[in-house]
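Notes follow the structure.
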Amino acid sequence: MSCCYHNGVAEKGDPKVNSGGGSGGVSNGYPTSTAPSPKEGAGGVPAGALRTLVVQQTSLDQPRETWSKKMDFLLSVIGYAVDLGNVWRFPYICYQNGGGAFLLPYMLMAVFGGVPLFYMELALGQFHRSGCISIWKHICPIFKGIGFAICIIALYIAFYYNTIMAWALYYLLASFRPTLPWTTCSNPWNTVNCLRYLSTDSNITWTNMSTSPAEEFYTRQVLQVHLSPGLHQLGSVSWQLALCLLFIFTIVYFSIWKGVKTSGKVVWVTATFPYLVLLVLLVRGATLPGAWRGVVFYLKPDWGKLLSTTVWIDAAAQIFFSLGPGFGVLLAFASYNPFHNNCYKDALLTSSVNCLTSFLSGFVIFTVLGYMAEMRKIGVETVAKDAGPSLLFIIYAEAIANMPAATFFAIIFFLMIIMLGLDSTFAGLEGVITAMLDEFPQLLSRRREWFVLGLVCVCYLGALSTLTYGGAFVVKLFEEYATGPAVITVVFLEVIAVSWFYGTSRFCADVHMMLGFSPGLFWRVCWVAICPIFLLFIIVSFLAFPPEVKLFDYVYPPWTTVLGYCIGVSSFICVPAYMVYHLLTAKGTFKQRLLKGITPVPSGPHSDIIITHAV
């Protein structure tokens with residue numbers, strides 16, 4: 001227990017009491033103050049005069065870990081938000097939905113939906129200093145199931161997301177050869193349809209049956225998808241990919257096993273290196289013949305597309321998944337911040353960096369697609385027909401192979417892909433780890449390394465189905481159904497719980513206590529009305545227009561849609577299940593139980609301060 005003396009009467013919200021100064025720290029991470037010497041008195045008041053004694057209770061728990069530097073936190077958030085989707089999904093969605101015209105709905109969705117949600121999560125995590133499970137007792141206890149749902153969604157993401165990095169690692173290892181293996185048709189995995197077609201090959205004609213060596217390397221050597229007829233028969237596990245994924249998870253484990261002190265150092269490399277590579281590739285791409293064709297195709301506005309609902313749905317979904325609220329990561333990262341850190345400025349800075357990175361990636365991708373179109377003497381739209389990982393592993397890989405110094409560019413490109421993925425994996429698993437450690441501190445706090453090892457092993461075992469010959473089909477199924485609709489629904493409930501149950505006024509008062517100013521009217525309106533409408537719009541549009549899932553030549557049969565929805569519901573079911581559990585186990589009448597379920601337990605520095613008068 002620590003104490004400090006003040007003349008006169010001290011208020012609970014007194015900034016002197018709650019200030020971030022002081023050398024010590026108490027269990028919830030808030031600082032303590034040192035009592036002045038009785039001989040000196042307080043502020044020159046003689047010893048023995050009436051003074052107010054402010055007593056701050058502490059517990060025997062260990063102090064909460066904090067970031068070593070502010071930059072560690074910013075790079076971790078940027079590394080989490082800027083992921084593989086920025087490189088392949090944004091450029092594809094942009095050109096598909098009207099090029100430069102798409103930037104209008106994208107910016108509107110960012111300003112009114114994505115950034116307010118981003119800011120809200122950072123502020124919640126920093127004020128309550130808790131992970132995504134235990135934080136709910138301070139907001140609205142009956143919604144605690146949201147935290148468990150977030151953890152299950154994070155596991156599903158870990159099951160498939162890291163497999164994409166394993167593919168990139170396979171490519172990286174294959175790049176250390178004099179001739180890149182996806183440039184020739186003379187390999188054991190090639191078929192008779194393989195055709196290396198460049199503008200210099202005037203005697204070769206490209207037909208609809210032709211396949212490029214890059215496509216055959218990806219589908220027949222890396223994925224070996226031709227050995228699986230579909231999801232009903234996945235085939236055996238590819239041992240090469242299993243070893244690649246084991247190596248990826250080993251890096252992940254030793255980066256996060258000690259907490260944010262270690263992961264905060266690793267992101268100095270993994271979050272900054274991709275920007276260096278993007279700039280190198282942008283300069284190289286801009287100097288290629290035909291690059292301008294790709295840029296024009298990327299940015300030429302088609303204003304008529306804005307009348308289509310699909311464009312607005314895509315803009316909303318893209319900004320939401322790009323910034324990434326609702327995955328528990330922003331709550332976890334912000335919970336390790338000093339109490340008075342300016343998370344408002346952080347939210348604006350990191351979300352702006354994320355959006356600008358997406359825009360920059362479009363130039364990196366489309367300068368190269370323009371070059372490919374020039375080489376093959378075909379339209380850019382024909383080259384850019386592939387979406388998702390195929391854009392990187394087939395089209396971009398083939399373009400790199402035809403550049404001078406191909407080996408160098410291949411190595412740095414696939415290193416960039418791996419590092420973009422690693423940042424997001426660190427963040428996603430840290431969200432789960434923080435949530436579980438805060439919820440079960442007595443059981444797990446002293447066994448963090450073992451818990452992280454167990455979690456990484458579970459993720460590796462869960463990913464084995466994605467390493468089979470039909471593993472690419474599983475990755476696509478998880479990406480479309482298991483995470484998207486579930487996490488949007490979870491965030492919708494989170495906004496409702498914070499804005500309507502906890503109350504915007506109370507939340508803004510919390511922000512004022514931390515930052516010294518309250519969020520303005522714009523933010524309040526966004527949290528109460530615009531963000532819920534934004535999220536409901538995405539949910540309804542997904543249910544009304546379910547995506548037609550197709551990969552290569554395989555069209556997903558109807559039973560896979562049912563399977564996908566079942567996987568998605570398996571995480572979301574935690575929310576109503578916990579509500580029922582809470583109402584059944586609480587004491588009192590039904591009305592008393594319900595009231596207890598929506599009444600938050602106070603948190604923050606003001607809950608630990610007792611004020612007494614002493615002589």
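Backbone N, Cα and C define each Cβ position, glycine as well.
TrEMBL lists Gly79, Ala81, Val82, Asn86, Ser322, Asn354, Leu420, Asp423, Ser424 with the feature Na(+) binding site. Among the features that TrEMBL reports, disulfide bond is placed at Cys185-Cys194. Here TrEMBL flags 15-43 as region 'Disordered'. Residues annotated as transmembrane segment in TrEMBL: 73-91, 103-124, 145-173, 237-254, 266-292, 312-336, 348-373, 393-420, 450-475, 481-501, 521-542, 562-584.
Features per TrEMBL, on structure.
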residue: Gly79; record: Na(+) binding site; contacts (Cβ under 8 Å, 6+ apart): Val267, Thr270, Ala271, Asp423, Ser424, Phe426, Ala427
residue: Val82; record: Na(+) binding site; contacts (Cβ under 8 Å, 6+ apart): Ala271, Pro274, Val353, Asn354, Thr357, Leu420, Asp423
residue: Cys185; record: disulfide bond; contacts (Cβ under 8 Å, 6+ apart): Cys194, Leu195, Arg196, Pro213, Glu216
residue: Ser322; record: Na(+) binding site; contacts (Cβ under 8 Å, 6+ apart): Ala81, Gly85, Asn86, Phe90, Gly114, Asn354, Cys355, Ser358
Which listed residue (Cys194, Leu420) has most other Cβ within 10 Å, given these are recorded positions: Leu420
Tertiary contacts of the transmembrane segment (521-542), as residues 6+ beyond its ends and Cβ separation under 8 Å: 109, 112-113, 116-117, 119-120, 309, 312-313, 316-317, 320, 484-485, 488-489, 491-492, 495-496, 498-500, 504, 507-508
Close approaches to the transmembrane segment (145-173) from elsewhere in its chain (Cβ under 8 angstroms; 6 or more beyond its ends): 84, 131-136, 222-223, 240-241, 244-245, 247-249, 252, 326-328, 389, 393, 397, 410-411, 414-415, 417-418, 421-422, 424-425, 428-429, 431-432, 435-436, 439, 458-459, 462-463, 465-467, 471, 474-475, 478-479, 482-483, 486-487, 490, 493-494, 497, 567, 570-579
Other same-chain residues whose Cβ falls within 8 Å of the Cβ centroid of Gly79, Ala81, Val82, Asn86, Ser322, Asn354, Leu420, Asp423, Ser424, the recorded Na(+) site, in sequence order: Ile78, Tyr80, Asp83, Gly85, Gly324, Thr357
Residues of the parent chain within Cβ reach of the transmembrane segment (103-124), under 8 Å, 6 or more residues beyond its termini: 94, 97, 135, 139, 306, 311-312, 315-316, 318-320, 322-323, 325-326, 330-331, 333-334, 343-344, 346-348, 350-351, 355, 359, 491, 495, 498, 507, 510-511, 514, 519, 523, 526-527, 530-531, 534-535
Proximity verdict for the transmembrane segment (450-475) and the transmembrane segment (237-254), three or more C-beta pairs under 8 Å: yes
Paired segments the transmembrane segment (481-501) and the transmembrane segment (312-336) in contact, 3+ CB pairs under 8 A: yes
Best-contacting stretch, by C-beta pairs under 8 Å, relative to the transmembrane segment (266-292) and drawn from 73-91, 237-254, 312-336, 348-373, 393-420: 348-373
Packing count at Ser424 (Na(+) binding site) (other Cβ atoms within 10 Å of its Cβ): 25
Contact call for the transmembrane segment (393-420) and the transmembrane segment (312-336): at least 3 Cβ pairs under 8 Å, seq gap 6+: no
Residues from the same chain, set at least six apart from the ends of the transmembrane segment (237-254), whose C-beta lies under 8 A from its own: 162-163, 165-167, 169-170, 173, 222, 224, 262, 418, 422, 425-426, 429, 452-453, 456, 459-460, 463-464, 467-469, 471
